Amino acid sequence: MKIRINDLARELEVKSKAILDALTKVGVTEKKTHSSSIEDHEAVLVKKYIHEHGTEESPRRRSAGEDEFKPKIDLSKISKPGDVLKALTQKAAPPPPPPPPPRPAVKAPSPVSQEPRPPAVPPAPQKPAVFARPASETVHTPPEPPKPRFITPASVAAQRPVITPPKPPVPPAPPVAVAPPAVIEPAAPAEEPKAAAPATTAPEAPEVKAPVSPERVAPAADTGAHVTAKPEAPAAPGAATPAPTPGRPLPGVPLRQQTPGRRMIVPQTGPRPVYSAPPPAPPRPTPPPQMSQGAGTRPGMPVRGQPIFQRRPQSGPGGGSGGPGGFQRPGGPPRPGDRPRGPHPTRQFPSGPRPMGGIGLAPPGAPANKPAGRPAPARRPGQRYVPRGQKEGPMKGFVPPPRLSLSNEPLPITRNITISEGISVKDLAEKLGIRAKDLIARLLARGVFATVNQTLEASLASEMANHFGASTDVITFEDQLAQETAKAAGETPEEAAANAVVRPPVVTIMGHVDHGKTSLLDAIRATDVAGGEAGGITQHIGAYKVAIGDPNSPAFGREIVFLDTPGHEAFTRMRARGSKITDIVVIVVAADDGVMPQTVEAIDHARAANVPIIVAVNKIDKPDAMPERVKKQLADRGLMPEDWGGNTVFVDVSAKQKTNLNLLMEMICLVADLGDLKANPDRMASGTVVEAKLDRGRGPVATVLVQNGTLRTSDNFVVGNAFGKVRAMFNDRGVSLDTAGPSTPVEIIGLETLPQAGDQFTVVADREKARDISEYREGRAREAQLAKSSRVSLEGLAEQLKTAGQKDLPIILKGDVQGSVEVLNDLLSKMSTEKVKITMIRSGVGAITESDVLLASASNAIIIGFNVRPERKAQELAVQEGVDIRLHSIIYELQDEMKKAMLGLLEPIIKETYQGRADVKDTFRIPKVGTIAGCQVADGIIKRDSHVRLVRDNVVIYTGKIGSLKRFKDDASEVRNGMECGIGIAGYGDIRSGDVIEAFTSEKIAADSLH
């Protein structure tokens, strides 16, 4: 059974702290609180200890007087609210003490000090009042009912009755100022009276001072009458001891300690000492009126402790210049009959600020020149002191952050850090060794609102790092992953090199179109890839892995990866991309054609990629083959054959006859061995996207070349702006794979979106990290596209004005693979001229869909499909909307058709043919016909259906058609040179003698050029 410490404290009527202290005394070492529980035997020990030793009271409780602890009042018989007050009154009123027997007068105990002194000064009255009757009249008050005994200064001093001698003429008393309660007025020095007067003391009587009691000073009981407080003095020597007053002890009798009753709360500001009258102050010079506010202040300014409005009272009774309480002239005596008037509560005391302070007055001991301001609130009893500026409660200990303007100065650069693209605020703060909220505050001052997980641009991250004293090296996300992987593996560069193994070389085949690149690859792979290409032309990159199967070859069993690139001039980007991911470039040149433009371009790409070049001279089986001419042409381009003393390998091959194919592969392996191609298969995979396409049944599909590490199914990866998870992998022959080592081309499924060809492929362990990087890159690409499309400049405006009359041909392009779409985009954009501009509305990979048809209908565009077909519903919708869909599989045909479409947009050309000229000899007017010109044909022939121009003074006046042509009175179809005729111009009659009429014909012909 357990008992709570709170319950035990209430049972023993002690505080919980006493229980906790007793627990330590009885041997309980376990830490307890007031809400903890203890066992029964521990409670017994605590009770025994408290009964034997008691509890330690607090210093405040020990220092409290006996009267602080009052007995309780029994409220069990209370039935209505009035009984509570009655019980309190009975409890507080002690029984009156029995009257003491009469005894002779004795000297007052120590509280009364009798010292011979000149004129005695009575103690100041406790509550001065204005005399309502003559000063000599004594006011008798009825006896007071029994009240609680309070120790007052008056009760300590000897109480004696006032002896009233005969009443001589009383001189006018000095004016006594009336002050509010709790303010002690100093009494004027007592003058020696000629005769005894009430409230006066004989000259030889010693002064009686009332000691300052530490107890509370009780105010006098209100009897309902105006009482004139008079100072009491000791009786003359030999005077009889007066009878005791009811309710008061005899003089000199010590007070009997009474039983403590209920403490009464008396509203007092503090103990009031009794002051004796100060000596008369010397007269002070009257200050000038304008300086009455106080020294050092401007006239009219309010002064601390002075009334705000120092107005001069008006004359008249109670306020006139000489009336009672009226304005007193400075330094002048009061007029006879004037009654004193109390000062304003905020007016300074005549001798300075009051000792006890007050509203608007300086407290005792305060400096006189304390600046004015709002007074500090007084602390409640028991409230501890809290320094200004410190917070309490839930905000205790909170330190506000420094103002942003205080840390605008950047720190000196003392270190270097490496950051990646799209670094988050949290990661950057960790690299800088600062708190994330400090970095966010700096970004906020920069005008950037960012959260902890928000990514930052590389430029902004570098700026923030420089501000906090660090320089930066920006790397890509793939480089960062490679560094983290190497760091996690804990390998040194030497160990990493030792763990690397030889990988198959990646060979890219380049050359001019129709020089036999794909046929050569087919002969090596023993397949027919070229037969499947449209028109026998390779139009996208193909990746294949081939193993040397000739047992007689020294390279038997080795593998080679081949990349087949297009040879058409439009596929420059594909060739450039293929050269970047390759180890060796094989330039295929036809022996009968020689070096062609795309051959030179392929050589330039290989040199730019700094990869070795092998030349394969194909078609040597043809009768007109000239391999030596090819060597000479390439030697002029800088590729010197080995048999001519150079370092370029030349191999004469025939794809059709399969001649020297093993020799070509052996040379490839030899050059690869010189390059020391190695990779670490134990790392996470990384590579490059060769091609990407959108499959109808499988979704986005990408052909990836693994360059390092091993790719496995279920791996998460990032590739450009896309990310995904490897759902399945297939090799170049369509066989499913679970793993793919270095230098292995695979087709992967599991992409969220379609990547771009040439993007870096990297496997990551965290899918969320891959998603964040993908979203960051996609957002950056979108922002760049919007900025590019919305940018307006003066040059752009001038270009728009220049091409205001330019025709626009909108196109929607769909292709089978991403590489082909990129190539066609570049090709069509280059076909734009000053007269016709091709606008690409949308381009993408996949079949033609209904959304493509609707977009084409809204924008009046033509849909072009390259190696793709429209869906059935899309075809029906295109017929309904009247959208033109053009399908192509060969790039040449697409290029020719686009030229025809562009020419069809141009306006037809108007061609004029000159026929003849006639001179006007005279004119005459025929009613209902108009003006007829009598002409003579001077040159050529004038026909009835000809167009004519009327020329006057070598200026064309009118152009129209012949309305009538007559020879004499007969209509004529034509009039030849030298003959006269009458010519009427349709709709025109202002013909004059001497004009010339020229006849011509016009015809429209189609534009034959785009320039």
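Note: Cβ is positioned from N, Cα and C throughout, glycine not excepted.
It is 618-621, from the ranges 618-621, 658-661, 834-837, that Swiss-Prot records as region 'G4'. From the options 31-38, 511-518, the stretch Swiss-Prot describes as region 'G1' is 511-518.
As stated in Swiss-Prot, the feature region 'G3' covers range 564-567 out of the listed 564-567, 680-683, 712-715. Assigned with DSSP, the residues of the region 'G1' (511-518) fall into helix, strand and coil as follows: 2 helix, 1 strand, 5 coil. Summed and averaged per residue, pLDDT over the region 'G4' (618-621) gives 87. Taken through DSSP, the region 'G4' (618-621) splits into 0 helix, 1 strand, 3 coil.
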